[in-house]
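The feature domain 'G-protein coupled receptors family 1 profile' is assigned by TrEMBL to 42-293. TrEMBL lists 27-49, 61-87, 93-121, 133-158, 197-222, 243-266, 272-295 with the feature transmembrane segment.
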Amino acid sequence: MPFANSSLERPSFVLAAVPGLEAAQPWLAVLLCCAYVVALVGNCAVLLVVRLEPALHAPMYFFLCMLAAIDLALSTSTVPRVLSFYWFGSREIGFGACLVQMFLIHALSAVESTVLLAMAVDRYVAVCHPLRHAAILTNAATAKIGLAAVARGVLFFLPLPLLLLPLPFCGSRVLSHSFCLHQDVMNLACANTTPSVVYGLTAILLVMGLDAVLICLSYVLILKAVLRLGAWKERLKVFSTCIAHICVVLAFYVPLIGLSVVHRFGRDLAPLVHITMGNIYILVPAVLNPIIYGVRTKQIQRRILSLIHVSDR
């Protein structure tokens, strides 16, 4: 339904189908559902294990719980809607629902970026100032950082849907993804979108861009501190405490950068590329984060194995 002059009328948008693979979409939905189940089980397991294991009641693992909660919220805000489209052919999404989904995706991504930065600071303090670690990163400070991360995500990305709200949409309603993203929806507007473009780019640079720079800076300082240690074994032992976090950072930022590059320079690429990159951006961190920390953290491994052993009895 095209946009009319009435402020009560809004268009619905059409989610992108996988071109040339429409008949195979139910099977693709099975793969997507399996990945979603892995994300749900893995992140719920992390939350449960950290709650039950007193040895993990430390800032690094509280931040990990925050990541797990964010990944659960982010995947749940998108994947069920995509599955209903793939399985039942429900391609249309209402204007309001699209804006809410778009806000959740961008705000939760900003919160995750902030938490990753906080984890980098935690690693920096643990490696470079180990005697002051417990005094600096207390449980109260960790909780305040979590609240600040949520506030930062909401304040920076709430204007995105508000800027799109008054715009007319009089042309194509077909999105290039199976869910709503700001740039995707904005490109369908038939009006001047300069304020939305400028604000969206500014928000991305001030949140994800700044966080990425600060994370890199923290690891430069960590690397300098590690190289000042005497023996190679000691260097590897200290730096190995950062490996899991580095992998999680890459799992978040590589799909984010890939999706941004596709949006900026890939307008002539096949629609399948856009859809695939979007699904990778939503699901890869949620699937990989609990696996990475499960493999790298012996306490998590032991607790999960003990829970499995108890359930088998």
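Cβ coordinates come from backbone N, Cα and C, glycine included.
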Among the ranges 93-121, 133-158, 197-222, the one whose Cβ pairs under 8 Å to the transmembrane segment (243-266) are most numerous: 93-121
Beyond the flanks of the transmembrane segment (272-295) by 6 or more, those residues with Cβ under 8 Å of it: 16, 18-21, 32, 35-36, 38-39, 42-43, 45-46, 64, 67-68, 71-72, 74-75, 78-79, 82, 105, 112, 176-179, 181, 244, 247-248, 251-252, 255-256, 258-259, 262-263, 266, 301, 304
Maximum Cβ pairs under 8 Å to the transmembrane segment (197-222) - stretch from the list 27-49, 93-121, 133-158: 93-121
Distal contacts, the transmembrane segment (93-121) - CB-CB under 8 A, six or more residues away: 10-15, 60, 63-64, 66-67, 70-71, 73-74, 77-78, 81, 137, 145-146, 148-150, 152-154, 156-158, 160-161, 164-165, 179-182, 185, 203, 207-208, 211-212, 214-215, 218-219, 245, 248-249, 252, 256, 282, 285
Averaged pLDDT score, the domain 'G-protein coupled receptors family 1 profile' (42-293): 90
